[in-house]
Each structure stands twice: as C-alpha cells, then as structure tokens.
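**Q** Okay, so TrEMBL annotates it like this:
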| type | residues | note |
| --- | --- | --- |
| TRANSMEM | A:6-25 | transmembrane segment |
| TRANSMEM | A:37-55 | transmembrane segment |
| TRANSMEM | A:61-79 | transmembrane segment |
| TRANSMEM | A:86-105 | transmembrane segment |
| TRANSMEM | A:133-152 | transmembrane segment |
| TRANSMEM | A:178-201 | transmembrane segment |
| TRANSMEM | A:207-228 | transmembrane segment |
| TRANSMEM | A:237-258 | transmembrane segment |
| TRANSMEM | A:264-281 | transmembrane segment |
Amino acid sequence: MNLIVSAIGQGFLWGVLGLALYISFRIMNTTDMTVEGTFPLGAAIAVSLIVKGVNPLLASLAAFFGGALAGLVTSFLITKGKIPSLLAGILTMTGLYSVNLRILGKSNVSLLGQKTIFSAKIFRSLPQYFDSVFLGTIIMVVVTAIVIYILMTDFGQAFIANGDNPQMAKAMGIKPGVMTATGLMLSNGLVALCGAVVAQNNGYADISMGTGTIVIALASIIISEVLFRSLDLASRLFAVTLGSIIYRLLLLAVLQIGLSSDNLNLISAIVLAICMMLPQVEGKLHLKKTVVRSLKEA
Amino acid sequence: MTNKESLLELKNVEMVVNQGTADERKILRQINLEIKEGDFICLLGGNGAGKSTLLNVLAGQIKPSQGEIFYQGKNIVQESEVKRSSYIARVFQDPKLGTAPRMTVAENLLLAAKRGERRSFRLRRLKDHEAEFKKELAKVNPDLPEKMNVAVDQLSGGQRQALSFLMATYKKPKLLLLDEHTAALDPKSSKKLMEATNDRIQNQHLTAVMITHRMEDALKYGNRLIVLDHGQVVKDYQGKAKDALTLQDLAAFFD
C-alpha cells in the first residue's frame, strides 16, 4: 500500500515535468533536450539556496526563473543562431552540466536537517508518503490551471497556432521568435520547478539527476495519449499528470517483479519505446482494445 | 479609373538566386509595377515565369536582390512578413498552409480577426465572436457554419481553402494576395470558391493580386491582367483593353 501511495505521489510531483514537455514537444512541435539540464539546474538552485537559509518557497521560485533563463538561451540559439532545435537543446544541456556543478559546489548536496516545502506543519499530521500526494496535487492543479489560462488568452492562441503552422502564423502577424522564446522559457521554467520540488522530496540534489528526464516526461505524455485518444487541450494537460502516475505505477510493477532500481533508466526507456510503438503494433495485431483495457485496469 | 490612389509600387525589383555561382538565375527582372487602390489584378504566366516569387516578394516572405517597394509612399522593402501582415493578407495554393490544423474553425478565425495585432494576455472570448463568424462563414461556404468547433484537419480541401480565404479577408487587408488558391481543388469546389472570392473582393472593395493558370478565370475576373514571362512584365492590360481580350489572345502567349 505504502509503495502504491509513494508511486502516486511521485507521479503527481513528476507530472509537472510531463506538462512542461507537452508545451515544447506537442504544442511547439520541438524536441527540447534542454530539460535534461534544467531539471538538475532547478534542483541545484533550490537546494543551494535552501542550504544558505532561503525560504524553500522562494528557492523553488528562483529555480523556475533559472530554468526560464536556460530556455531563453536555447531559444536564442534557435532563433538568432539558426541552430536546429535538437542541437540547440543539447548544447545548452551540455553547458548546464558545468553550471549545475558550479552552483552545487560538489556533485551531491544533502538537505538533511533543512526546512523544505515538505516541512510544513500540515504534512506532519499526514500518513507517510501522503505529503507528496498532497503537495503534488496542489502544485499540479495550480501549474496546470495557469498554463491553461495562458493558452486560452489571445497570446496563447497565437502560441498554439505558431506550433501548429508557423507559415500561417507569420501571415497572421505572429512573431515566431517571440513564441519560441516564451514557450521554451515557460517549459524549462516548469521543468526546473519540478526539479526543485523533486530534490526537496528526495532530500538532496544530485548532478546526474537529469539523466532520463526527457524519457520520463515523454512517457507521461504518450501514456496519456494512448489511454485517452481525443481530449480537448485543457483535459489533455490534466491527463498528462495521470499519464505520469500510471508510468510510476508501471515502474513499481516492474520493480516488484524483482528487477533492481539500477535498471530504472533502461526500464523507463523500454516502457516509453513500447508506448510509442503501440499505435504501430496495434494496427497490425488489433491489440488496441486489449492493451487499453489492461492498462486501464492496472 | 484615373483618380485611383496608388497603393503599392515596385521599382526595379530584381530577384537573383544562387548569385555568384554557376547556377545563377534571374527570377525577376526589372519589375516596375504600380498597384492602385481597388485594382483586381490577374497574374498570368507559364511555369517558372516568376509569379509566385513576385507574390512572395510582395508579402515580404523573401527580400528582393535589388529594387524598392513602396507602400503608400513608404519604402517597405526591409519590412518583415510579420510586420506587413497588418495590411497584406494572403491565401496559399496549398489548403494546408493557410490554417492551423489542430485548432478549430472558430479558433482559426479568431486568429484571423486579430491579424497583425499585438496578442495580449487577455482571455480569448471566443463566444463573443461566434455569431459574426457564423455569418461570415456562410458567405464563403454553406457547410462551414456548422463546423465551427471542428478541428481544421477534419475539413475537406475545399472547406479548408474557403476558410483560408475568409481568414485572409476577415479583417479587411489593404492588399490581398491569392497564389492560385483554387488550383488544388476539384472543379466544383474550385468554381464555388472563385465565385465567393470575386463576390467578396467586389463587396469589400478589396485590392487584390491573383495568380491563376486558368485563362478563362483571368478573362472573367478582375479589371487588370498582367502577363509575366521570364521574370518580366510583358503585358499589362487595364480596363477596356482587358475587357476586349479573348482566349485566343491569351493562348498566344503560351505557344
């Protein structure tokens, strides 16, 4: 039971990551590798600020802005430098490794004995692991609502159009550079925020905690898309968190079989690969109904 | 006819590709052209004559290698496509290019209603526009008003292109560019859209430049006909001279 609650909590906490990637991967139609660097960046900023005695909420907010700055760098490389988006993201990500190490000072910094956003009094009265479910839900709902609001403004609509059809967007007077910058800043800001929250939940920041984040985020998105085919945008954004929770439960199931957690990234990659291949496979084997049903029951 | 104001003027516009290499090619040569307010120009010419390039230059999608473009007396040759969108609208040949496929018909129209404007962080208020959208949609295609909340990629090519056309003209542009916008459609849809196009241009008193391959259309529509050949304006018929043209006259250019 505890394990399941813990997995659900993790799913909520990591849901923001999926949402952030949805903005770049699905709405903007770019694969933004920057996130592998901004996730630990957020963790590094938040943890080192908390260790210095900064309020954990402010530290998490600072992490958001740090991530947004990294997103701005990537968008600069894409729009001004004309570097392909995939490579631009990899460049920023690679550079961020050194930046993160500099912020942290060493490869791993513990939060032992420090106040975090999970130290609030209400959480102490909750049973074990429910703190992450509780706080994760609040963060997810607030962040998702803000993103939905932004997307439903005139600016947000222009942003969606730019990702959907850049040619048409330009003809409608939408500036592609502004859209790319805003999207990557928002997306990477949220990724860094997620990194900050996860680090506080784990109790430490680690230089290598970014490895595999893009796969985890994509898994949440793809699982939600496989399970819920046609949703409007607002429901889709909430469904991504649901995808994130299901992904955590799938991992838990795999670990329960007896595989060690050293294999986690391999398992993540395999789970994502399977999910992404589903549309191909199901067409050939008519698997759709059975797989969807069994996933829904999982 | 004579007292019409000049809207856009091209002076010595040239377009050269692969400059300085063995493949150097002049696509536009010494184009001098004045577009007057209220003109409905049909642009005719064989493949590779430079019609699309000329439209791209007007829209600001590409910058000419040489020459000046004046809009109401102001040199706009350095102005970007995005900036020109506040007064120039265009419909592409490919129905897929003019619309956002995953957004609904109404959402696309809302984008068009704010063409060239600054996008604010205010809520979009789609409902406020619905009645107006329905009315305008009915004018270009009878099936579209019921499809307001349908994603555009679910529409037929004809419906999609009718929407593209409405989007370009929803907020009245000073200059409308039509790049063979009916060519990708079946004969019936093509004819319907061409008629809707003509109606709208007449009713809204739009200034338009339309590329067409159909000589019948070039004769039937517009008050001016320009023939482009090897990047040069070889004929420019206006008013009565255009009315007097016959299919045989035009066919002679393509022999």
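We count from 1, first residue shown onward.
Backbone N, Cα and C define each Cβ position, glycine as well.
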**Q** If contact means at least 3 Cβ pairs within less than 8 Å, sequence distance 6 or more, would you call the transmembrane segment (A:207-228) and the transmembrane segment (A:86-105) in contact?
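**A** These two stretches do touch.
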**Q** Where else in the chain does the transmembrane segment (A:86-105) make close Cβ contacts, counting only residues six or more beyond its ends and a cut-off under 8 Å?
**A** 30-38, 40-41, 44-45, 47-48, 70, 73-74, 77-78, 205, 207, 210
**Q** Count, for each of A:37-55, A:61-79, A:133-152, A:178-201, A:264-281, the Cβ pairs lying under 8 Å from the transmembrane segment (A:6-25), and report the range with the highest count.
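**A** It is A:178-201 that shares the most Cβ pairs under 8 Å with the transmembrane segment (A:6-25).
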**Q** Which range wins on Cβ pairs under 8 Å with the transmembrane segment (A:178-201): A:37-55, A:61-79, A:133-152, A:237-258?
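**A** Stretch with the highest Cβ contact count: A:61-79.
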**Q** Mind checking which residues reach the transmembrane segment (A:37-55)? Cβ under 8 Å, same chain, six or more beyond either end.
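**A** Contacts of the transmembrane segment (A:37-55) (Cβ under 8 Å, skipping residues fewer than 6 from its ends): 17, 62-64, 66-67, 70-71, 92-97, 99-100, 103-105, 109, 111, 114-116, 188, 191-200, 204-210, 213.
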